[in-house]
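Worksheet for the structure shown next.
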Amino acid sequence: MAHTAVLSVIFPFLALVALVGARPATFLQDFRITWADTHIKQLQGGTAIQLKLDPSSGCGFASNKQYHYGRVSMKIKLIPGDSAGTVTAFYLNSDTDTVRDELDFEFLGNRSGQPYTVQTNVYAHGKGDREQRVNLWFDPAADYHTYTILWNHYHVVFSVDNVPVRVYKNNERRGIAYPTLQPMGVYSTLWEADDWATRGGLEKIDWGKAPFYAYYKDFDIEGCAVPGPANCASNPNNWWEGPAYRQLSPEQARLYRWARTNHMIYDYCTDKSRYPVPPPECWAGI
C-alpha cells in the first residue's frame, strides 16, 4: 500500500527504498467505519479524521485489508485537557476468537496536567497479558505525533516519533509464542474505559467535559496484503525484512534505553504480584 517516504535520522536507510507507485493511504480508500459512523468525521478530503466520544457512544474504524508483516504508522493528536477514563487505541488484530494475534498501542487518558500513559500489549497465539507502560515525554494533545508498529520475522518494534519504546523479539525457536501465522488488520477505537484506564479505575470520566475528540492523519501502511501473492509474507526481499530492520541500530538502541530508563512506569516482567516467576520471554531478552 502506501509509504509516505518521510525520512528521519533514525531510519536513513529508507532513502534506499524504491517507492514506485506508492501513494499516501486515505481513510476513504483504505479504511471503513466499524461502529458509530455518526462519531467519525472525515477532514481534509479524507486524509484526516476526527473521532468523538460522548455519553452515547465511542467509535472505531479498521483497514479494508489485512496484512502479514510490514509496517503501519499514523499521526495522532490525542484528547486535550481532562481525558481521564478514556482510551484511544491503535492496533493490529487478527480478528480471530480463540487464537488471537494482536499488537496494541493504547493511550490512557489522565487528569489535566498529568502525563499521558501509553500501554503496549502483545497477543501471540491467543496469549496476551504482556502489558508495558511508558509516560510520554511531550504533550500528545498539543500536536500530532507519529506512532509506528514494525512487524517482521525478527521482532515487533513499537515506536513513538521514531523512538522505540518496546521491542518484542521472535524467540519461537525457544518455544516462545510470536505472531507468525495470521495476517492482521489495522484498527483504531476511542472508547470509555474508566473502570481501569486511569489509575486502575480510580479516576472516572468527567462527562461534563464531553464530547472528547482525537484526530488522525497521514495513514501509512506497507505490508503483504491478504488476499495477495501467497509468497509475499515469506519474501526476504521485502524492505521491512532487510538487515537494517532485523535489530535496532546503535542510535535506536540508545533511544530505546533512554525511553525505558526515564519513562517506563510498568513492565509485566517485573510484576511479582502477577508473575512470581517471570514468563519465559522475560528471560529471553524481550
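Heads up, the Cβ atoms here are built off N, Cα and C, so glycines get one too.
Note: TrEMBL annotation is automatic and uncurated.
So that you can see what the record holds, here are the features copied from TrEMBL:
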- Glu102: active site, nucleophile (ACT_SITE)
- Glu106: active site, nucleophile (ACT_SITE)
- 21-216: domain 'GH16' (DOMAIN)
- Asn110: N-linked glycosylation site (CARBOHYD)
- 1-22: signal peptide (SIGNAL)
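Taking the features listed in TrEMBL, we show where each one sits on the structure.
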| residue | record | contacts (Cβ under 8 Å, 6+ apart) |
| --- | --- | --- |
| Glu102 | active site, nucleophile | Tyr91, Leu92, Asn93, Ser94, Asn121, Val122, Tyr123, Gly128, Pro179, Met184 |
| Glu106 | active site, nucleophile | Val87, Thr88, Ala89, Tyr91, Val118, Gln119, Thr120, Asn121 |
| Asn110 | N-linked glycosylation site | Ser83, Ala84, Tyr116, Thr117, Thr198, Glu203 |
